Every structure is written in structure tokens, then in C-alpha cells.
Amino acid sequence: MYIKLVSSDGHEFIVKREHALTLGTRKAMLRGPEIPSCVLSKACTYFTYKFCYTNSSTVIPEFPIAPETALELLMTVTFLDP
Amino acid sequence: MASFPPRVNEKEIVRSRTIGELLAPAAPFDKKCGRENWTVAFAPDGSYFAWSQGHRTVKLVPWSQCLKNFLLHGTKNITNSSSLRLSRQNSDGGQKNKPREHIIDCGDIVWSLAFGSSVPEKQSRCVNIEWHRFRFGQDQLLLATGLNNGRIKIWDVYTGKLLLNLVDHTEVVRDLTFAPDGSLILVSASRDKTLRVWDLKDDGNMMKVLRGHQNWVYSCAFSPDSSMLCSVGASKAVFLWNMDKYTMIRKLEGHHHDVVACDFSPDGALLATASYDTRVYIWDPHNGDILMEFGHLFPPPTPIFAGGANDRWVRSVSFSHDGLHVASLADDKMVRFWRIDEDYPVQVAPLSNGLCCAFSTDGSVLAAGTHDGSVYFWATPRQVPSLQHLCRMSIRRVMPTQEVQELPIPSKVLEFLSYRI
């Protein structure tokens, strides 16, 4: 099962439903703020990263975030998941 | 005297999973001292693990082989027998930098170790110094050893050969650290109350002496962006130095006894210090505030008791690479793993006579060295960090607290970014 998240600049991100529901995304889908694609794409990558490495015995790799994206991403996530 | 706060049920704290141990070979003679393992270290690229085996020797093992060995042969691994198996397995030659075990005889008691690697773009120099050939090639990996008589010997990790002998300290070199930016700047901390800055790319030229300590210097650590150095020592000393101008930025006050270990978080926003006063403090190095206190003795000792022999000295502290966990070793025979947002440990493991600890390069293993020259390894508590924390680390890597305070963001986010939640 997949859901579609759309960024403010029209990028569509199709992610697995079970991955995305970890992060207030339900809220975002209903009446969410406009999220730019650079931020939304990073969030989607994080969903998969989290799903993959939670409760796994392999070494968890680093998840790099560029500083320019990080602040906006932090604000977005804090808004969605206070 | 309790080891945990009263509201915590000691039996409910998770025990860490042991991964393995490297036991020191039996000593050729029975000596009371000289066997101690004062220091353990992992190479920055995770290729090697080194520890001072006592009796003036340092052992270097290729780390991934060592880990494989633990998995294959169970948790016990006597070093002598393992080395034979490893060398036979690697008999298919041809590889240029085939990692090999080395035992290095340093000629004097080894108190400190540090790995340094050069960043390829920053070097290309071929120097002959007296009887040593010293060339920085692509894959240069160095091991610096600090000795009892104040000398520092620099070894090539791949060949086990001595490259440089740095002579200037007059007393035990208690700690060594390389700048993380690959410039091969080495800082040494000594019982002669000074720290010295050496440029290994310039023949090991000593660039600067940092004076200010009134007593033994126990440990030093660079901030991840190489701009700051923390040095800690006897008489409650915690100093922060600016490493562009080599001036002292500030003294951090709060401990009641000798401060013996320090480590920065991977984003440089936090500094952990361990002291004989039974505490680990987590500071904001940019303004000197104490953010967290990790106690090892309950009820917390009064300053007079904390300042003396209280049987609960904390010997070592290390920050994990996820920036969320801290490990500490104390004299109550326990290793504690802490989260930076809780004031009681999330995991513990038994360890007698622990002296030093270090996280592996990928953060998955903690190594601890003991009084008898052995090393023990545990799996570290790991979990996927929250997206908020990953963002915080990315921002704090480039922004000190003062700049964070100026950001036009809600106060809740500001507190979070300043690690005040």
C-alpha cells in the first residue's frame, strides 16, 4: 500500500504507507503546510532508513543531511510532530 | 552507597551484550605494576584497533578480522593463538596494504595512543630525517605512542616501523590526540603541566606549548571541526583552547576533584568530562554551561567527600558517534551507557579495574581496557536516531550556540537545538 505526498513545487513522492505513518504525515496529508521538495525528499528517505534499521542487527549507517536543508526540515518535522 | 539514583531499580537496567575480549598474554615475570592498559584506540577509518598491552608493548590488530574472530570462536580470544590463525588465512599475497597484526615494543611504559591519518590532498612530501625514511604516501596511517619518560614515538601502522621520535616533554605523556581534519597536527598532554602541539608533516616540529595548567594534565580532545581543544587535569581543571591562535578561551568550573577524561560530541555542541569527584558533566563548550550531570554515587557526595578518596572515581568517558549516547567507566566495577536526555544509565556491564574506553569508528562496539592489560568489548545500545536529532547534529556541526540563539525560530526549537531539552 502506497501513499502520495506532494511538495509545494509539485514533486510527487510515492512512499509505502507503513513507512510514512511514523511521522505525523497523516496530519500533513490532511491540512499540511507547503513543504518544498528538497525537504520532503529527505523526509521520505528517512522513512525508509528508519523502517530498514529499526530492530535490525546490522550496523546502522550514518544518515547525512546537508545543513541548508536541516533547519527547514527540523522546523517542518517539529510542526508535524510536536 | 548506591550506584544509581533511588528511583531507579538496578535490576531493571538492561545488561549490555558482550562481544569479545582480548586477554593479555601471561607475563614472563610476576610484576605488580607495568601491566596496565592505560589506553585503547580505533583507527579513524576503522581498519585497526590498538591497545597498550602493558610491559611496554602496544598491540595492533586489524579490526574487522578481530571482530570476525570473536564471532567464529565465541567470546574468549587469547591473542597469541589468534595471531597464528590470522596470518595463515591471509597467505594469498598481492594486496598492497594487507592489514597485519603488529606487536610494537616501545621501550618504555605506554600511557597514551592515538591514530592519525593524512588527507591525501594535503600532503606530498618526502623527507629523510637522519636514520628514518619518512614519506607521506596516499594511505598513511600513523600511531603515536606517549611514554613514561616524556617521549612520543610515531609508528607506521602498516609496517610497524618507527618513523619519528618526539622529545620535549619532561614527564609522562598522559594523552595524545590528532586534529580530526587530517592535517596531522598532534597535541600531547603531560604530567609536566603543559600541552604541546606538533606538526607531523613538518618533521614533527613542535609548534606551540600550551601553558596554564597548575598540575598534571590528564587528557585532551579536539572539537570535530578542529577549532577548539579541551584539556583536563588535576585540581579540577577543564580548559578550552582556541586552536587557530593557541589562546585559552575559558575555564569550565564545576568539578570538585581531578578531571581525568574528556570527549566532544560528534557535532561539537557538547563536551563530556569525567572526574574523580564521581561525576560526568555534559557541558556546552561554547558558553561553559553545565547541561547534564551523570552521577555514579548516590546520594551525591558533598564537595569535601567528592574531593577525596571516595572509591567511586570515574576513569574514562567517551561520546558515541550517534551523538546520543555516552559511555563511562567508574571504580564501582561497572561500565555505564547513558543517553544524553536521561540522568540514569540505559545499559550497564560489569568490568573490574577498567581504566580507559573508546567507541569503535562505526559506533557499534565499545572497547574498555583494564588494569591487567586486557580489553573487553560490548555491543553499544543503538537505535535509529530521530529525524529531529539528525537535523540538530547537522546544524550544530556548523553553528555554535551563540549563532543558534540568533536564529528566528520558535523558542521550543531553539531549546532543542541548544540541547537544553
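Just so it is clear, glycine is given a Cβ too, placed from its N, Cα and C backbone atoms.
All TrEMBL annotations are machine predictions without curation.
Quick look at what TrEMBL annotates:
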- B:136-165: repeat 'WD' (REPEAT)
- B:166-208: repeat 'WD' (REPEAT)
- B:210-251: repeat 'WD' (REPEAT)
- B:252-293: repeat 'WD' (REPEAT)
- B:314-348: repeat 'WD' (REPEAT)
- B:358-378: repeat 'WD' (REPEAT)
- B:377-421: domain 'SOCS box' (DOMAIN)
- [ ] Take the repeat 'WD' (B:358-378) and average the pLDDT across it for me.
- [x] 92
Open item on the list: Given a Cβ distance threshold of under 8 angstroms, which distant residues of the chain, six or more beyond its ends, lie next to the repeat 'WD' (B:314-348)?
Closed with: 3-5, 8, 13-16, 260-267, 270, 272-276, 278-280, 282, 292-297, 354-359, 361-363, 366, 368, 378, 380-382, 385, 389, 393, 419, 421
Open item on the list: Quick test of the contact rule: Cβ under 8 Å, at least six residues beyond the ends. What residues does that give for the repeat 'WD' (B:210-251)?
Closed with: 174-181, 183, 185, 187-191, 193-197, 257-264, 266-268, 271, 273, 275, 283, 285, 288, 397
- [ ] Report the DSSP secondary-structure composition of the repeat 'WD' (B:314-348) as helix, strand and coil residue counts.
- [x] 0 helix, 20 strand, 15 coil
Task: Number of helical, extended and coil residues in the domain 'SOCS box' (B:377-421), per DSSP - done: 22 helix, 3 strand, 20 coil
TODO: Summarise the repeat 'WD' (B:166-208) by DSSP state, stating how many residues are helix, strand and coil.
DONE: 3 helix, 24 strand, 16 coil
Task: Other parts of the chain folded back onto the repeat 'WD' (B:252-293), taken as Cβ under 8 Å at six or more residues beyond its ends - done: 216, 218-225, 228, 230-240, 300-301, 303, 306-308, 310, 312-319, 321-323, 326, 328, 330, 338, 340, 343, 392-394, 396-397, 400-402, 418-420
Task: Residues of the repeat 'WD' (B:136-165) by DSSP state, where helix covers H, G and I - done: 0 helix, 17 strand, 13 coil
- [ ] Could you put numbers on the helix, strand and coil content of the repeat 'WD' (B:252-293), residue by residue per DSSP?
- [x] 0 helix, 22 strand, 20 coil
